[in-house]
């Protein structure tokens, strides 16, 4: 690389752990030594340097890199000398020029055909000027990037399009104005100066250790050892640690997969599994944290009341707990609201107290004191350890003891919950969380072994319970060894001391009792404080994502740290309400279950993301395994039911209810969740699997390619086909866009996304597929060949009937008929829908509103001019408003522009025919009632003519309709019928009307020379020859007679389905074929002309 590019690629913000890909830079010494011109040296592009070289200024053309919050790396605006090392001058990653240096004062000679724009800078790369950008981490940031600026690389169009095209027509360069998103990012970046961010020790390790070491350590651990014995107590601790370790590994994997913002567990789950799981768990997790505050504060208040109970009871015990609890939570709220820095200082102080208390206990356990022996503390002794190694359950079971201990192991997400306040969450969360689990696990095990090895299970506290010499011989308990006999109080159940009886036994053992009390205070208050901070932070992140629209007000943050003050008040309110209940034994298991539900989902997220195998899942933390995570998720669910099956059921019901609510609301977010990735993965696998299986007649489904044009322009066609393909077969809305203008593929892609959204919003299960083509025939061939994928390919072409075929250019009819011929060539079935009012409603004012209102941002006037063109060279041939389309409206070609205004403006009244058309276009959206679907199955086409009405009447709207099937007459009567029909028809007016209809399209070769006739036939292939008319006279008669029969028998049907007459390719001219279709289907209810591809689609075998 030249001197311009030999520099550090990552800007000062992110630490190495954020950039997952290491980039090795190659420097060319020669290039760096020779390139000393101001235009080429990287360091010369300092913020205030105006370019003086005219040629250089001319080349500052088209590189559009917007620097949202450009800060001078050197801190001063002067020009860095060319000799300065590129790495020093170029801390910000690229050759950045501020906006003052972008416009040259001397307008030099331009090397390009377009002007220099503002907000641009160019690069000198590989020794020459280019607007192509070298890789840079800033291109990959989101717009509101908290760590460094967001840069925009040049688009493909800017590098690739022809030079006469205005490069900024997409509206990217707005002069000096920033887009709203950039303004927000710049504002956020400006505000973020002076924000307090924590490292891994202060932010994660301290918090997690304080949260995990709860009250359990001092007042329940000894009781657990008494009940379960040393061995099983260690098993209980190990089981809990296994669950938390697996969850810790999963949390680390998710946290290192990308930049983690505020919101902790909610953020991790929602970005992995999507808003449904994230939203339900986020609400529960925030609530659980809020109630946990109450639980810890009541634990603290109970301890204080126990100390006061001797001489200072205020009212009664319950009310004292309420009073002390309320005072405590107000003080804690004050600390939290004062800011994260104060809260962190309080946490450090509490940790010091807690660790002192733990050391105090261990030191005390090595100092045997004679006065404590009667209370059960004998000092370390093998016989005591041996006696306490096995279980001695009294009124408890292994699992009930485990359920009491497990909440002490929770709290591993305390660090992750304030992820937004960590300097580098990707490094801090794994390191701090896993280390905290390790340290706390070892301490729990140490306390279990220690208490079991030096304290008896039962002791009376009476110094006189010594052993008499005559019983010495047959005494087997460990107490005998020390000269005590506690069998009396044990048998009479009056012992007040020992592991079983005394919750405060650790205070007894410790070197200085009050320090243990201070440790209990510290453990409860620190856990309360951590939960009081976690709940609002998680809740704020949830509200920011607007998953529950009513909670938007809690998203607002205050001050430079974006503190969720409203969330603090809400948490305070919830916690206070539960403190006033003061009976937390019922609530504790529900909280544990809420925490476990979120642990289970974090584990499941890792499994799910690994299973989906998405390229976006690449955590830098490698010590995880998808199957271990799945086992962790199952373990968490198991533990939920072990702790309290009723609470577990309640938790599951709440999670499911919230999940269903969020799924129903469909929040407008897209976080690239693993659910999306897995859906794609499964779709791909199943599509490939399907391709390897032969089709079977029992599994035949009509897969329709429907020529709708824009999907909202022919509602009747769309609705009817959707009625029989919904949840049964594939439906593709084909749209052929034509014109002599150069195709705008970018617009095509935008339209594709826009109309696909429209279909989804209207709950139409279909795909919109537009193509550019030179004419309609070529476009339909493209679609017939290329639409679909594998087995999911269309097998039936559906068209609207061309009502205006006699008004326009007859070549359009030729194209229209050729589409039907092409369909048969490709072995497709063909279906044509005719409504006497027509199908195309795109010219009617207000039709586009349903689309435009949802696509355009509010406040934008929705005024669209739509001109109905007959033969416009730029027209989209399958555009609903264009004349050359496959189904047009009785030839009404309005040329005046129709103005579509926004909904507030008064609507222009429709004329009668448009009113009728609009009503007809919506007829298939309504319930059809007790009508009939008449099937005229005249020719055996494989059964498609019968299958479509059957599928249709299976649907709710058509369920009440009866199917009536009409078939042709008896075989031996056909000749007789035909003769009789021929003689009758000669006298009919209908034949005269038919003759009149085809008159303008006849070739009349008898009236001209043969050569002239051939020339005319070649130039106008649709013309009907006399020979052809005579040859197919019987067939013509049949169509006219059928129309009469249809009018006679089916004039009241809701829908007529009839076999489509076939015309041999090359033998029947398109005008004659079109005239047949016209004669057969005119003046009838909605009629569907169907012709299968003559392969069976029905079978009577099971």
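These residue numbers are counts, starting from 1, taken along the chain as shown.
Each Cβ is built from the backbone N, Cα and C atoms, and glycine gets one as well.
Computed from a predicted structure; not experimentally measured.
Range 632-662 is the one annotated as transmembrane segment, of 632-662, 663-693, 694-724 (source: TrEMBL). Range 200-219 is the one annotated as transmembrane segment, of 200-219, 460-479, 480-499, 540-559 (source: TrEMBL). Across the residues of the domain 'Amino acid permease N-terminal' (115-168), the predicted structure has a mean pLDDT of 64. Remark: secondary structure over the domain 'SLC12A transporter C-terminal' (990-1102) totals 61 helix, 12 strand, 40 coil, with classes taken from DSSP.
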